[in-house]
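Enquirer: Quick one: structure below, then a few questions.
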Amino acid sequence: QVAGAASAAALPVVINTWAFRRAAETAWRVLQSGGSELDAVERGCGQCEIDQCDGSVGYGGSPDESGETTLDAMIMDGNTMEVGAVADLRHVKNAIGVARKVIEYTKHTLLVGESASLFAVRMGFPYEDLTTQKSLSVYSEWLNQSCQPNYWKNVVPDSSKSCGPYKRPEKVTCKEEQTISQRSVHNHDTIGMVVIGGSGTVASGTSTNGAVHKIPGRVGDSPIAGAGSYADSTVGGAAATGDGDIMMRFLPSYQAVEYMRMGTDPTVACQKVISRIQKYAPKFFGAVICANTTGSYGAACNRIPGFTQFHFMVSSPLLSQPTEKVVDCF
């Protein structure tokens, strides 16, 4: 039995070890008390939402260009292959809880935006303000720095020097896309969790408030099945964190599970996934965790300036308490 909670962070000191340990502890406690693997994922990720892990999960973090915090989350049942997900969720704090309700009460997989919020309210979740003084401060400081960094390109006025509103120029001159390391590896984070039950049942999930200063409406990899996480009870599970705009193009969690299906060790499976992305985006910021049904686990990350190690939490019968693991990026 393994419950893994992971978050990428630019430097070891950035990681709020206490918060991610609490997430792993919560998930493990649910399993030990007889809860299901899905329950463990929901409660573990939900704990991170409450604790605002690293400011990258839950309310009051990563304001978008309009200063609003929006949430993305997903949960996957490795027995039935059902997925529930929400993206661009507004005014509802418990994103992973709403994602679980998508599985339980709809025939859909993904709900987005204000409509997802209306669904959440119908499911009994309170409608709340996700803005805090901290997120307002982050937004204000960004405006005072001429809206740097941002996610626009090939627009006028020049997005590298000033704020919008931006528009398409009459004549387009394409410039090389700015790399995530130039933007700042501090501006992406997620909790990803893989839970393996005693019988081998697998569940996985993610929750995040996305990329700070994102263009409103942006959805990253976290709520996308196979990108943010993936679970298959015949094999294992995986979860990814980092630059979702790049990582989602490669379905890294799905690919990692498929490597494990072929008998690949979890650590090697994670490394192979990172290598695939490196070919096209050598400077991308990201990491993947993997666990198979035997309880073996591993992780891998892409080395860039300021991000040379990846930390993740593991709980298992072989460990007396949730334990922080570290891998060197390559």
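Glycine is no exception: its Cβ is also placed from the backbone N, Cα and C atoms.
Pulled from TrEMBL, these are the listed features:
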type	residues	note
ACT_SITE	Thr190	active site, nucleophile
BINDING	Arg218, Val219, Gly220, Asp221, Thr241, Gly242, Asp243, Gly244	substrate binding site
Enquirer: Among all protein chains shown, how many Cβ atoms are found within 10 Å of the Cβ of Arg218 (substrate binding site), not counting that one?
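Expert: That number is 18.
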Enquirer: Between the Cα atoms of Arg218 (substrate binding site) and the residue listed as 'active site, nucleophile', what distance do you get, rounded to the nearest Å?
Expert: 15
Enquirer: Out of Thr190, Val219, Gly220, Asp221, Thr241, which of the recorded positions is least crowded by other Cβ atoms within 10 Å?
Expert: Val219
Enquirer: Whole-number Å only: compute the distance from the Cα of Val219 (substrate binding site) to the Cα of Thr190 (active site, nucleophile).
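Expert: The separation of the Cα atoms works out to 13 Å.
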Enquirer: I'm trying to understand the geometry here, so how far is the Cα atom of Gly220 (substrate binding site) from the Cα atom of Thr190 (active site, nucleophile), in Å to the nearest whole number?
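Expert: Their Cα atoms are separated by 10 Å.
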Enquirer: Taking the Cβ of Gly244 (substrate binding site) as centre, how many other Cβ atoms lie within 10 Å?
Expert: 28
Enquirer: From the Cα of the residue listed as 'active site, nucleophile' across to the Cα of Gly244 (substrate binding site), what is the distance in angstrom?
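Expert: Rounded to a whole number, the Cα-Cα distance is 10 Å.
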